[in-house]
Ligand code: PHE
């Protein structure tokens, strides 16, 4: 027997508890994956990057990179049964690998903290919009009024800061209560409700004249428009050059939306019951996540086109489009309130997974109480979040930008386009090359058949190669 298999005989267990069932694990992971990434970010980056071709690249990244790396990340988590930092340490020992691999756990903790800082601010916007929708502010409003309301909202830093603070407190409360405390139950009802509500919105979008235009934008790829950046020279000649940037954004988003590359899925995997199939759970999680993103796109773009709005409006896109629909449809005040409420819940169940790796580590290594660990991490992320709050008002001017990016843009770019793909790359390499085959087969509960061989091929060669190519191309190395 090889080392990996020997070690399997003494199974680890998590000191933080375990999900009550395989189904609950899937729900929790879907809770982490489905969030602002699907409903807020996917539509606006699709709008900014020209539509169809971008969506296609995103879907290819999900299938060829997202699926195998999610399997790898859950596998590492369940094998290590601790916070990502300690999981990586233990696995390094099991496999007698180079200690530098433990940095993967650290990278994840830092990335999660950086993401949470801005995630909470945007979730705060959604929270504010629950009350705005409930007050009837959207009823019969025109696109201009809605846009003006949003601009007015963003320009008042103190109120945005207050919503950011409320959301951060909500996140700390749940994380402080631990794996089973409350959220499991909430997710069971809220995620399906969100799904149904998205269907209602798509139904509304179908009634608009621009429905097919919206679908066209999303699903008919026009590679030239997306991957060639054209400029007219002084002599009046149009010059186009290939740009890898949209591909990097699509790749980064595949990681972001599936919560991959920073230990969130790893730590959730560490609470997964031993008898559950990792591959099957992965397919369910990925399918749910992708469906929600595509539905959100199908609801939003018809509204954009039928109101003559800008698809490339940026981070405000859903706040400037969906309220128009709520303002115009029967029962819109009710549906609008419910929608933003569910969006807050979706963001909530994602936010907790962003600090769980850090909290689990503080509890394991520093004997901290869960409550103190959650408060510490939450407060730190809250402070950094102030930078994002101000990116949309006081610090939005060019004199406060670096490389033409605000603090929010920089955090988003650094985390989604650089840190998550790098984290994912190393997770793939560790699971594919460092971990012994017997150990990965054992943990995946797979024989050496087609399924395992396909995964192994993807995680060893295809995903790392694709991530590396896109990544180095976009940062200008190849
Ligand atoms: N997947 C979440 C979303 O789409 C965000 C997230 C990223 C959560 C990374 C955890 C880790 O909103």
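All residue numbers here begin at 1 and follow the chain in the order shown.
Quick reminder: no glycine exception, Cβ is built from N, Cα and C everywhere.
TrEMBL: automatically predicted annotations, no manual curation.
What TrEMBL records for 21-40 (among others) is transmembrane segment.
Residues or ranges marked as transmembrane segment in TrEMBL: 52-76 (among others).
The transmembrane segment feature in TrEMBL is assigned to 97-119 (among others).
What TrEMBL lists as transmembrane segment is 160-179 (among others). Nonlocal intrachain contacts for the transmembrane segment (160-179), taken as residues 6+ away from its ends with a CB within less than 8 angstroms of a stretch CB, comprise 16-19, 116, 120-121, 123-125, 127-128, 153-154, 271, 344, 347-348, 351-352, 355-356, 359, 370-371, 374-375, 377-378, 381-382, 385-386, 388-389, 392-393.
For 186-211 (among others), the entry in TrEMBL reads transmembrane segment. With a threshold of 8 Å between CB atoms, the same-chain residues lying at least 6 positions outside the transmembrane segment (186-211) that come near it are 27-28, 30-31, 34, 39, 288, 291-292, 295-296, 298-306, 322, 325, 329, 335, 338-339, 342-343, 345-346, 349.
Summarising the annotation, TrEMBL assigns transmembrane segment to 251-271 (among others).
Here TrEMBL flags 283-305 (among others) as transmembrane segment.
Among the features that TrEMBL reports, transmembrane segment is placed at 338-363 (among others).
The feature transmembrane segment is assigned by TrEMBL to 375-394 (among others). If one looks beyond the transmembrane segment (375-394) by at least 6 residues along the same chain, the residues whose Cβ comes under 8 Å of a Cβ in the stretch are 113-114, 116-118, 120-121, 154-157, 160-161, 164-165, 168-169, 171-172, 175-176, 355, 358-359, 362, 368, 406-409, 411.
For the transmembrane segment (414-436), the residues of the chain that approach it from at least six positions outside its boundaries are 2-5, 65, 68-69, 72-73, 75-76, 79, 88, 91, 95, 97, 101, 104, 107-108, 110-111, 114-115, 248-249, 251-253, 255-256, 260-263, 266, 456, 459-460, 463-464, 467-468, 470-471, 474-475, judged by C-beta separation under 8 angstroms. Annotation source TrEMBL lists transmembrane segment at 414-436 (among others).
Residues annotated as transmembrane segment in TrEMBL: 457-477 (among others).
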Residues of the parent chain within Cβ reach of the transmembrane segment (97-119), under 8 Å, 6 or more residues beyond its termini: 35-36, 83-89, 91, 171, 256, 261-264, 266, 347, 350-351, 354-355, 357-358, 361, 377, 380-382, 384-385, 387-388, 408, 411-412, 414-416, 419-420, 422-423, 426-427, 430, 434
Highest-contact recorded stretch vs the transmembrane segment (457-477), from 21-40, 251-271, 283-305, CB pairs under 8 Å: 251-271
Of 21-40, 52-76, 338-363, whichever stretch has the most CB pairs under 8 A to the transmembrane segment (251-271): 52-76
Most Cβ pairs under 8 Å with the transmembrane segment (21-40), selected from 52-76, 283-305, 338-363: 338-363
